[in-house]
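Notes follow the structure.
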Amino acid sequence: MDLLQILSNTVSSILGPATIAYALAAVGLAVHFGYTGLLNFGIAAYMAIGAYGYAISVLTFGLPWWGGVLVGIVGSIIFSLILGIPTLRLRGDYLAIVTIAAAEVIRLLFLTNAFDAVTGSADGLSGYHDSFRAANPLPDGTFGFGPFTYNSTGWWVRIIGVLILAIAVLIVWSVMRSPWGRVIKGIREDEDAVRALGKNVFAYKLQALVLGGIFGALGGIVYALPSSVNPGVYVTSLTFFVYTALLLGGAATVFGPVLGAVLFWVVQTFLSNLLPALVVSGILPFMSTSQSQTLRFILVGVALMLLVIFKPQGLLGNKKELTFVKQ
Amino acid sequence: MTTVRIRDARKTRRIGIVALAATVATLALTMLSGPAAADDINLDKYDFKVSGNVKLNSEPLEAVALTVAGSGYTVDIVTDVEGRWSVGVPEKGEYTVTLDESTLPTDIAVIDETDDSPNVKEVTIGQSGSSVMNFFIGRGERNQTSFVDQLVERLVNGLNFGLMLGLAAIGLSLVYGTTGISNFAHGEMVTFGAIMTLVFSGMLGLPIWAGIPIAILLSAAFGYVMDVGLWRPLRKRGVGIVQLMIVSIGLSLALRYIFQYFIGGGTEQLPGSDSPQIDLFGSVSLSVIDLVSMAISIAVICSVAWWLLKTRIGKATRAVSDNPSLAAASGIDVDQVVRIVWIVAAGLAGLSGILWAYFRPGIRWDMGAQILLLIFAAVTLGGLGTAFGALIGSIVIGLLVEVSSLFIPADLKYVGALVVLIVILLFRPQGILGRRERVG
């Protein structure tokens, strides 16, 4: 067992594209759930729309990479409108069921054989990297220090990802301290009170849904940037994992989603490296290596339960702020 | 992961598959620029292979559509210029290869005197890891089923599936009505029943008539344990319903992966899943299991209905569902009612899982999660918190899923049900039997 390698992989995952993608999705979810109180269980669909929008516009329509990003964003806005206009008037748990169902519809549409020529059905999409990599200003070769040693493409993906994440966090930070943000938080705390003040609650909710959805789609794009788009990723479990990351950091906080995503992936990477190594070296004789990989996900579920019960405000959250409005 | 349900080795499915393959092919041809040409699929993804070629008097036939299905996996493929095709498949076992005769040249069909559906063949992948299936093509009559027969068959299957969903949906609805929890772990309660049957009948070798009751009892006990160990303490803490919902999601994830931990990622079969077919009329036939399953569902649903309407506890349950505070004030022990509801709901979910395992067929660690949204759709359609609404909603969803596969690709058949869920919520959010004030 190579403990140093395990630690190195773990530390390296702080800057992993998956971490950045989860952080972006969690920031989007923070806007939806943490600040506005919308129980959006369809964040996986936003990520899928971002990823497929990017890959399809590059592969099928030959757009440059930034065009693909724009298509992903526009796709997420359209999805927000389709999803939001009918459902935002519904009560919280209804919204949860509708969004999770809509996310499954989106996933099945990307998965079906009927659109194989465009979506690649079960195989997903790959080979859309040329434009993005051609835009890479970094020199060829491998550079960095310690565990953060990546090749040129690896750095380029991470730089773009962190840049997008920084912009997203900045936007959330600035809008949430603006009058708009105060109305949004007011809607979470007491929708009727805000309505009584003459605010158009529905319009505010829809704006929040669109804003968070864009971050979700960008998360999906960053997830797809390094390798490929695989329909098996965008299952409802992905939504739940992003929720876990969000609640870990703190749902109604600016940096909570980022911290949560980093912790989520650091722990995941650590366990996914450590547990099989323990099995191989005979320390966990009662399980196989594949069982040890499953164990991680059991722990995610347990962690999610414990978090919601014992620390619903998350690591960075303020207990006074009602993240879970009692309905 | 594929979501398409396959029942290999059954004539009922064969007819369906022919129709589906035809639909898929038509859609593919009309929707896309040219056929989804592929003569080898997933070969690098999976270790095992089914292949063959399609020839007419030693002339290769190009662009003939085939479907390979089995082990919860379906793939469509088209022959290449040389009439060849090959498909990678995830595991060893039996697969059904269906040749879509509508893609053959006119007046040409698959010929086999000994088989009444010669365009559907079984292949078994054994030690070699691959298998070859060639079709004998000649002039002859095609194996076709009339639309009415297909429709009747889908309706019967849909009713069966709907009743099965109903068992699970009634439980989910009762739990929602009495506690306010949208229980996302209900799918795992469904899986639990199936897995317990697998443990007792499949692994320990008990006869199936003993294994199933034990599994249902254990499911009910599981419901009791969940209520006492988790939900009641949370109720005592005064945890909000959104939090409870997310707790149930955590529980669902944990349970699902615990199942995978123990039974692995593959598909297991229950004993007796290859029961004989009974011809009803026309080309419609049902397996013994299907009939028994429907009879059990109907009997159990009737008993639950009787229980809810006539017994003291049943009436108390409906009272709590209506207004917990008022029920408590009238001297009903709400905690006890909720406990009983959890036991009943879990038992029903377990039974539903056993029947679903026969219907799919096969047991997977995530089988409950696959139908969770359909159960939610059924409950919402009927009206959240109304037990009989849930039953009606389930039957509508079951019929919709099965019948819609006549018109849309099989891998999209759940989409119809989910779209209906969304549309219903727009126009009648309280559902069929719900009341308006339930919706905030």
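Along the chain as shown, residues are numbered 1 onward.
Note: Cβ is positioned from N, Cα and C throughout, glycine not excepted.
Taken from TrEMBL, the feature transmembrane segment applies to A:6-31 (among others). Same-chain residues lying 6 or more positions outside the transmembrane segment (A:6-31) and placing a CB less than 8 Å from one of its CB atoms are 40, 43, 46-47, 146-148, 157-158, 161-162, 164-165, 168-169, 172, 208, 211-216, 218-220, 222-223, 225-226, 241-243, 245-246, 249, 251-254, 256-258, 260-262, 264-266, 268-270, 273-274, 277.
For A:38-59 (among others), the entry in TrEMBL reads transmembrane segment.
If you look up TrEMBL, you'll see A:65-85 (among others) marked as transmembrane segment. Long-range contacts of the transmembrane segment (A:65-85) within the same chain: residues 42, 45-46, 49-58, 98-99, 102, 106, 128, 131-132, 135, 205-206, 209-210, 213-214, 216-218, 220-221, each at least 6 residues beyond the stretch ends and with a Cβ under 8 Å from a Cβ of the stretch.
Feature annotation from TrEMBL assigns transmembrane segment to A:94-115 (among others).
According to TrEMBL, the transmembrane segment annotation covers A:155-176 (among others). Cβ atoms under 8 Å from those of the transmembrane segment (A:155-176) belong to residues 15, 17, 20-21, 23-24, 27-28, 30-31, 35, 132-133, 136, 138, 143-144, 184-185, 211, 215, 218, 222, 225-226, 254-255, 258 of the same chain, restricted to positions at least 6 beyond its ends.
Here the transmembrane segment (A:208-226) has Cβ contacts under 8 Å with residues 17-18, 20-32, 35-36, 38, 40, 43, 46-55, 68-69, 72-73, 75-77, 79-81, 83-84, 88, 132, 153-154, 157, 160-161, 164-165, 168, 171-172, 175, 184, 233-234 of the same chain, all six or more residues outside its ends. Here TrEMBL flags A:208-226 (among others) as transmembrane segment.
If you look up TrEMBL, you'll see A:232-255 (among others) marked as transmembrane segment. Beyond the transmembrane segment (A:232-255), the same-chain residues lying 6 or more positions past its ends with a Cβ under 8 Å from any Cβ of the stretch are 22-23, 25-26, 29-30, 33-35, 41-45, 47-48, 51, 100, 103-104, 106-107, 110, 124, 169, 172-173, 176, 185, 188, 220, 223, 261, 263-264, 297, 300, 303-304, 307-308, 312-318, 321, 323.
Look at TrEMBL and you will find A:262-287 (among others) tagged as transmembrane segment. Tertiary neighbourhood of the transmembrane segment (A:262-287): same-chain residues 1-2, 5-6, 9-14, 16, 18-19, 22-23, 241, 244-245, 248-249, 293, 295-296, 299-300, 315, selected by CB-CB distance under 8 Å and a gap of 6+ residues from either end.
Under the heading transmembrane segment, TrEMBL lists A:293-310 (among others).
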